[in-house]
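Asks: The structure that follows is given in the form of structure tokens.
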Protein chains: 2
Amino acid sequence: MKEKEQGLLIVLSGPSGVGKGTVCAALRKRDIPFVYSVSATTRPPREGEVDGVNYFFTTKEKFEEMIKRDELLEWAQYVNHYYGTPRRYVEEQLSAGRDVLLEIEVQGALQVKKKFPHGIFIFLMPPSLKELEHRIVSRGTESRDVIQNRMVMAREELEMMKYYDYVVVNDKVELACDRIEAIILAEHCKRERMMKHYITALEEEK
Amino acid sequence: MKEKEQGLLIVLSGPSGVGKGTVCAALRKRDIPFVYSVSATTRPPREGEVDGVNYFFTTKEKFEEMIKRDELLEWAQYVNHYYGTPRRYVEEQLSAGRDVLLEIEVQGALQVKKKFPHGIFIFLMPPSLKELEHRIVSRGTESRDVIQNRMVMAREELEMMKYYDYVVVNDKVELACDRIEAIILAEHCKRERMMKHYITALEEEK
């Protein structure tokens with residue numbers, strides 16, 4: 001019996017404000033055969049965000065219950081809110097041979113790396129720190145204190161780049177998407193993964 | 001003083017008859033910023049092949065002189081002809097920060113790997129051995145003995161896949177080109193390579 005090939009777990013992360021959400025939204029418009037993991041969070045929805053699509057919006061109490069039951073692949077507390085990834089959905093999709101894209105904060109990505117060391121870890125990077133500050137400020141939803149707090153955190157998060165496999169500069173959204181798409185396609189061509197197909201192909205001809 | 005970043009050496013190889021030349025010709029029509037290395041050979045030109053473009057066509061005596069002087073990055077004797085890669089051109093291009101694509105036979109690729117272990121080694125693979133035989137036969141330029149000889153060699157060459165970084169199936173030429181293009185773009189996003197840019201970027205802002 002042939003073993004069902006696992007899908008790839010692709011983790012897209014990077015400092016707050018770098019544009020992870022925007023890049024993911026642009027990726028969704030492309031014809032890429034992967035599934036998006038949906039995170040759970042206790043932060044209130046931003047305008048236009050839909051429950052079950054952008055996030056599962058939940059309460060602090062329910063979130064802490066999920067932590068206790070080990071139902072989260074990763075979780076983090078960030079600017080007084082919880083963010084986390086429900087574990088079961090991701091594992092089911094991977095087992096079915098589907099690639100899964102996780103868009104998460106840097107802290108969470110490092111937790112996932114411990115559980116899925118063979119995942120593909122992509123760090124989305126701002127073209128510069130100045131540009132990052134500009135993006136956070138122009139979002140206009142944060143107070144001055146929160147912005148300063150985020151910039152301090154961003155510098156720390158940039159240091160975490162060293163734990164990632166790939167670094168994608170988000171200079172232009174479409175270029176960032178091209179790079180991410182290329183990384184996924186290239187990873188599928190890695191020799192370790194392709195050897196299995198080759199062995200099967202030769203066996204069938206004997 | 002900033003160190004000039006080296007280009008990537010991309011080695012495209014695979015069994016005889018798999019379609020390396022066809023894939024390379026299709027890649028040339030795309031807007032990919034890399035330079036093609038031109039091999040030297042003692043085999044006679046096929047119809048349409050141009051000296052200095054497809055190969056440097058040379059004599060056995062001159063080729064053996066180049067081997068003696070260590071002017072070849074790799075060389076091989078194959079169906080009674082020499083094939084090899086002039087070393088200087090490749091090294092100059094890499095030092096100038098340009099990516100270089102080498103399209104060579106499997107034996108040669110393994111020699112290059114010893115000299116450039118950090119090169120990107122891509123193995124072009126036929127969809128099946130039957131399809132490979134079909135391609136060699138339909139080329140119509142080879143005798144029955146040569147074809148059988150090639151098929152024996154092809155099976156041996158397929159074993160060499162294990163020394164490569166990536167395996168690209170040449171099911172359709174344009175799909176194979178998409179995969180190769182993705183591999184090169186992804187390799188440029190590898191964290192080890194991007195870290196340098198990031199360090200430079202942060203230093204400039206201090």
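Note that Cβ sites are derived from N, Cα and C of the backbone, with glycine treated the same way.
Grabbed the feature section from TrEMBL, which reads as follows:
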type: BINDING; residues: A:Gly14, A:Pro15, A:Ser16, A:Gly17, A:Val18, A:Gly19, A:Lys20, A:Gly21; note: ATP binding site
type: DOMAIN; residues: A:7-185; note: domain 'Guanylate kinase-like'
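Tell me about the surroundings of these features in the structure.
Replies: Secondary structure at A:Gly21 (ATP binding site), taken from DSSP and collapsed to helix, strand or coil, is helix. Within the same chain, the residues at least 6 positions away from A:Gly21 (ATP binding site) whose Cβ sits under 8 Å from its Cβ are A:Asn54, A:Glu103, listed in sequence order.
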Asks: List nothing but the one residue from A:Gly14, A:Pro15, A:Gly17, A:Gly19 whose Cβ has the fewest other Cβ atoms within 10 Å; the candidates are the binding-site residues.
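Replies: Across A:Gly14, A:Pro15, A:Gly17, A:Gly19, these binding-site residues, the one with fewest Cβ atoms within 10 Å is A:Gly19.
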Asks: Other residues with Cβ within 8 Å of the Cβ centroid of A:Gly14, A:Pro15, A:Ser16, A:Gly17, A:Val18, A:Gly19, A:Lys20, A:Gly21 at the ATP site?
Replies: A:Leu124, A:Pro126, A:Leu132, A:Arg135, A:Asn170
